[in-house]
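For reference, the structure discussed in these notes is given below.
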């Protein structure tokens, strides 16, 4: 396999793992029904950022053969560092009093992970591709167009996008591939969050959907199904909620602090909506938050015209903050101000 980098120190464990990478090749050679449901054993994760690394980790923990792909060795190393820290935490939680079992668990997880810099070079052995790259539809389309030509007919393509239409991403692939192309939307942090949204286009077939249900169950997640509509389920409800909280502030009906307190103490939410809109995606189990991305999603929905206009009506203060480069906790200022390396909140931002 070209452009493959093995995790140092895990060669022996890698050789000892089940030789399941050959299964898709043998199956595709003998099968005349590529849409027939088959067990997913080999997964390619494209993107070694926070989401991609998390997806690779949970798949490997479930003893699926994983190849994590990114453009450069540096990006792959960052992804491996994310996995290394996370899998150690998982091992300590599973075996709090047994360092030997912790080490064994970590080693076994790594034995199911390879890395590479060329997705086209490794996709020939894939049952499932999970894309977790930048939220840009042109970039995603270029990736899937190149993979479509290189992947076996049975390979299922999925995108982890939280905001882009799956059908639009998939339309650059063949008609046969579009029957095996769906959204597979994980939530951050992937190892901790139990939900996966399976997003079905009008073209996806029943076997593909059931294969995705099965693999999400295998990696310990709960799946929900939804159609290919803006925001799917979680974000479709969450974005209007956050935007309306900002409109209440804009109309002068309540302060941002009181809105957040009201929703925490009155509705039992762990964070208020304005706190939530301010934090970056590293800090909370929602994929897109941060004022810049919130604004971008709302504007995208408005252009599509598939969401009620009242839900995507602009908020001037949000527009002004983004224009000034104040994106929330990740920049130190949004609706609130933050200080220190951990972004401790110090109060409402001065206008």
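Cβ coordinates are placed from backbone N, Cα and C, and glycine is handled just like the others.
Any TrEMBL annotation is an automated prediction that lacks curation.
Annotated features in TrEMBL:
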| type | residues | note |
| --- | --- | --- |
| DOMAIN | 43-229 | domain '3-hydroxyacyl-CoA dehydrogenase NAD binding' |
| BINDING | 47, 48, 49, 50, 51, 52, 70, 135, 140, 162, 188, 330 | NAD(+) binding site |
| BINDING | 86, 93, 162 | CoA binding site |
| SITE | 185 | site 'Important for catalytic activity' |
| DOMAIN | 231-338 | domain '3-hydroxyacyl-CoA dehydrogenase C-terminal' |
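Here the features listed in TrEMBL are painted onto the structure.
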residue : record                                  : Cβ neighbours (10 Å)
47      : NAD(+) binding site                     : 24
49      : NAD(+) binding site                     : 16
51      : NAD(+) binding site                     : 24
70      : NAD(+) binding site                     : 24
86      : CoA binding site                        : 21
93      : CoA binding site                        : 9
140     : NAD(+) binding site                     : 22
162     : CoA binding site                        : 24
185     : site 'Important for catalytic activity' : 26
188     : NAD(+) binding site                     : 20
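Per Cα geometry, 47 is the residue among the binding-site residues 47, 70, 140 nearest to residue 86 (CoA binding site). The DSSP breakdown of the domain '3-hydroxyacyl-CoA dehydrogenase C-terminal' (231-338), given as helix, strand and coil counts, is 64 helix, 5 strand, 39 coil.
Nothing from the binding-site residues 47, 70, 140 places its Cα within 10 Å of the Cα belonging to residue 162 (CoA binding site).
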